[in-house]
Ligand code: LMR
C-alpha cells in the first residue's frame, strides 16, 4: 500500500463485541511475518486507534439489513462518521490522509470532512478505485487484452448505481501504439448500455453471488488508491478518486464526487479539460443530483 520499502505500524479499530475476533486478526498478522509490519495495535478504543495515524482507511459502517430503509442506514452511518471524525480530528497526525470505504462512502466522507475541520479537505477522500478497476476489468475481458494495457477509464460521481463509468478517454496499449477503447471495441451500443450497468451494479452482483459484499477486490483497490496517492500516478495515467469538488466540470462544489485525478508529491489534482459530450453530461449531472440529495438526507439525520 505504501510501496515496497515503507514499514508500517497497523492500528486496527473494532467495536467491543468484535474484540476477540480482532485479536485473532492480530495473531494472524504476526504469524504472517510480513517484513514491513513493524507493529500491530488492535483496539476497541477510538482514541488509542486514531492516535498519530498517518493514513486512515475507514471500513467500519453499519450494513443495511432486511427491512431497513435507506434513511435508517444513513442515519446510523453518518453518526458513526461524525464520531470517528472527532477522534481523527483530535488524535491523528495533522497531515493524516483519509480514505472512506464504508457506504454511503461519498457522503460518509463528506460528514467526516465537516466534523474534522482541522484535517485539510484535500486529505479526505472516498473509494471509487474499485469501480475504476471494475471498468478496466470489463474492457480487458471484452477485448481479451491484459488489464494492465488498459488505462484512463473514469468513474464520475457517487459510489452507487448512478456512478458513470466513462471510456471516452480510455486507451489500450497495442503493438501499433495506444488506441482508443471505442475504436477497438467497435460497439457503442454495448459501451453506452451494458458496460455501464455492469460496472454500476457489480457490487450488487457480487453480493448476490457470494452472499457477502466484495472483499478481496475492495481491499486491493483501497491499496491501489492509497499507493497512487502517496507514491504518485505513473506518467500518462490517471485514476478515479472520490474527492471534495471544487466546481470542476460544473459539479457543485461541496460534494465528495469521483473525478479523474493524477497524484504527485502526496497530492491529487483533478484532470482538467476533458471533453464531455451530451450523453456524458447528463450522466455526470444525474449522479451529482443523487449526491446532493444524500447530503441533505445526511444533514437531516444529524439534526
Ligand atoms: C461494492 O461496490 O462492492 C460495495 O460497495 C457493495 C456494498 O454495498 O457493500
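Note: Cβ is positioned from N, Cα and C throughout, glycine not excepted.
Annotation source TrEMBL lists active site, proton acceptor at 159. The NAD(+) binding site annotation in TrEMBL covers 14, 77, 101, 102, 103. Per TrEMBL, the feature substrate binding site maps to 64, 70, 103, 134. Per TrEMBL, domain 'Lactate/malate dehydrogenase N-terminal' is recorded for 10-124. Residues or ranges marked as domain 'Lactate/malate dehydrogenase C-terminal' in TrEMBL: 128-297.
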10 Å Cα neighbourhood of residue 159 (active site, proton acceptor): matching binding-site residues from 14, 64, 77, 134: none
For residue 14 (NAD(+) binding site), the three-state class that DSSP assigns: coil
Whole-number Å value of the largest CA-CA distance among 14, 77, 101, 102, 103, listed as NAD(+)-binding: 17
Contacting binding-site residues, sequence order - 64, 77, 101, 103, 134 vs ligand 1, Cβ under 6 Å: 103
Other C-beta atoms that fall within 10 angstroms of the C-beta of residue 64 (substrate binding site): 16
C-alpha spacing of residue 134 (substrate binding site) relative to residue 101 (NAD(+) binding site), in angstrom: 16
